[in-house]
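TrEMBL annotations:
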- 118-310: domain 'Peptidase M28' (DOMAIN)
- 380-600: domain 'Endoplasmic reticulum metallopeptidase 1/1-A TM' (DOMAIN)
- 614-837: domain 'Endoplasmic reticulum metallopeptidase 1-like C-terminal' (DOMAIN)
- 1-26: signal peptide (SIGNAL)
- 337-365: transmembrane segment (TRANSMEM)
- 386-411: transmembrane segment (TRANSMEM)
- 417-443: transmembrane segment (TRANSMEM)
- 455-476: transmembrane segment (TRANSMEM)
- 482-500: transmembrane segment (TRANSMEM)
- 512-536: transmembrane segment (TRANSMEM)
- 556-578: transmembrane segment (TRANSMEM)
- 585-607: transmembrane segment (TRANSMEM)
Amino acid sequence: LPEGRGAPLVLLYLLGLRALVHVSHRQLLSQPSAAGPREFSAPRARGYLDNITAIGPRTVGSPENEVLAVNYLLEQIQAIERESTDAHKISVDIQRPTGSFSIDFLGGFTSYYANITNVIVKLEPRNGAEHAVLSNCHFDSVPNTPGASDDAVSCAVMLEILNTLSKSSEPLQHAVIFLFNGAEENILQASHGFITQHEWAKSIRAFINLEAAGVGGKELVFQTGPENPWLVQAYVVAAKHPFASVVAQEIFQSGIIPADTDFRIYRDFGNVPGIDLAFIENGYIYHTEYDTSDRILTDSIQRAGDNILGVLKYLATSDKLAKSFEYRHGNVVFFDVLGLFVLAYPARVGTIMNYITAAIAFLYLSKKVLQPKTRAIHNLKKFSTAFGVTLISWVCTLVTVLIVAVFISVIGRSLSWYTHFYVSVFLYGTAAAANLVLVHTLAKKFFLKNMNEQYLGDIFFDASLMIWSITLTVVTQMGLCSAFICTLWVAFPLLAKLMIHKEFSQKGATMKFVMVYMLGMFVPYLYMMYLSWTVFEMFTPIMGRSGSEILPDVVLAGFIVVITMILSSYFINFIYLVKSTKTTLITLTAVFVVTLILVCSGIFFPYSSDAANPKPKRVFLQHTSRRFHDVDGNVVKSDSGIWINGFDYNGISHITPHVPEINDTIRTACEEHAPFCGLPWILPVHFMFRLVKNWYLPAPEIFPRSPLHFKVLSKELMPWNSVRLSFEVSGPSHMSLYVRPHEGSVLSTWSLGDGIPVASLGGDYFVFYSHGLQATPWHFWVELTAPEKHSDGIVSLAIAAHYFFGEDQKSPQLYALLERFPNWTFSSGWSCTYDLFVF
């Protein structure tokens, strides 16, 4: 290729694909329903949504959640029941369960709930039904947010689906159970109460869980099963606007994303298969005050309603539902193609396809390298050199770009791309591309000089094909369904190469070669850019709430490098076909240097208060009063202050200029003798935050009007040198219990969960407690085996009371401090008390 022609062609190709991906994502929301009148009415669902969010934040235990939201749901359900046809029977039940369970989420902890609320509706044929499909949403929200997307919109969609189905003159074959659960944000408590205690739960054979990780947009199927490929097939057949990915499933289930859904509860405690869907767009305002109903497009509601209604109707009339356990065989590979349709096939079929594809590629490569026999050794040496140079270029690129990312983090410019995503592409993308081009240019000039350009291009293509074939084999051997991506990157490039094999050695056929080559690469490149867009849409906002332990720039830079390496893997050979890469290198380097200078100067502020598209910094503030008791019950230390946690790596560096007293002189100190450093964590997320990145601002002591009452009921000596301590606790709707056995003591059993204590990361034990209205005092006991001599006690036990609503939620000092925070922050505050005892 003449100088300067190769890079522009490749760039135009990639920009064209990028534009096509962008258009496809936009069109996913504007796809019309099938011809004829819509069964699902988005405007009516929006009315439900507006009314639910108008109630305000719906924290478990608050009147808004336990009374107002429940009453509204019951009113709408009763109105729907009055207008239903004679083909259906509607039953309604209010459940207020009490229970306990342990979960390995967030490092492991135990959950206890009392008198929380579920609103349950069963729609069934007039003569009843033996089997049922469950549709689940939750109407509670996290404190200080209206929770429109998480998860009021799902409940609105379910109300409208109930309305639509109940007006149909055709009876269903199976029942549909609609669970409006009132305690999901309390780490999945209400779903556990339903699936383990409610009588209707025994009839459920499959479920659909409606969730959110963003505000509106497309709802992504990101978990299915376990196994039960017929469920994926149901979605494939019935969903009008499919958006699904087994890649998202394997990412989510790997634990990389610090989140979980009711899907886990139904799977683990109910042994029921299901489908997990979530809105993923605009995660920047997820769980903030900006999660309002007006930000959710009516098209998004219509799209979700069309999909979920279609799938529910399909399942409720399917013969397979009654025998769902008979179809529990193997996993399934599934992915949508630009939102147009879903491809799904059994994982075992995918495994065979993957191995056959890899075998064909290895056969092709071995034939290329080993024939003719007289040049086999020479070919093998050159092939090995190309293979090694490609790997070295990838390693050098990864290391270099990560060094840049660490440098950006160290100088305090982390998240410069949070509001301006293009900055990350200009900074890390150009650095990655320049490194790749530079390494191969140097290799061409110094190690592979005086060699035929077409031969070099050919052999570097083969090296990339070998890398992808090895990757395909390894990923398939690991049992990952996402291996289908590797299959695309082996099969289509190999086909393209076979189509243009003769063109490679013919001069004068350059443009034909380029066009056919790029056409052959179209499918893997288009799908990879489509998938990359989805991954970045999910992960970029998560970096703003991933804690202070993770360097977000390193994570994002790593993603960009990997995607750059993937997208460049079959364009590396163009470096050996062009006369010079000087112009390309200068352009990429110039863009990188200019962007680096601008980022270092601080011109790109990470956060935004733009009313139309806010991207706030998250800060949690707890006005805390702490008391530490010794083994004799005496208070040996007490203090009070506002404990401040920034939810991203930047800490409070951007806030200090606005609130000068929040600075590095008030960093939180760890109470080494106390569990969880003597701090009132609402959840065991301590491993996500470094103490050097949270602060404790001295403040007056708080005196809640509804204080916590903690009482020791008994101390009993048990067999085998064990001691049982029994307690009674009453207090606000949310409390956290922390337990640390002293050296030589072992927490052997307790009255919580299944009786087997589950330790959190670090070795301490964490219990999350919540209750609804009119809950009785909490009674529990712990049993420890202890040494004979224990003058300093055998266990430290602390309890924190959290006031998330009502008159005790915010003290005057907390109100005043929150008012001073800049408008580009989302600052969520509440009051709490902390008491430590030694027994």
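Cβ coordinates come from backbone N, Cα and C, glycine included.
Each of 337-365, 386-411, 417-443, 455-476, 482-500 was scored by its Cβ pairs under 8 Å to the transmembrane segment (585-607), and the highest score goes to 417-443. Only pairs six or more apart in sequence are counted, and the transmembrane segment (386-411) with the transmembrane segment (455-476) gives three or more Cβ pairs under 8 Å, enough to call it a contact. Of the Cβ pairs linking the transmembrane segment (556-578) with the transmembrane segment (455-476) and spaced 6 or more residues apart, 3 or more are under 8 Å, so the two regions touch. Counting same-chain residues at least six beyond the ends of the transmembrane segment (417-443), those with a Cβ under 8 angstroms from any Cβ of the stretch are 389, 392-394, 396-397, 400-401, 404-405, 408, 460, 536, 540, 543-544, 552, 556-557, 560-561, 564-565, 568, 572, 575-576, 581, 584-585, 588-589, 591-592, 595-596, 599, 604-608, 615.
Confidence across the domain 'Peptidase M28' (118-310), taken as the mean pLDDT and rounded to a whole number, stands at 93.
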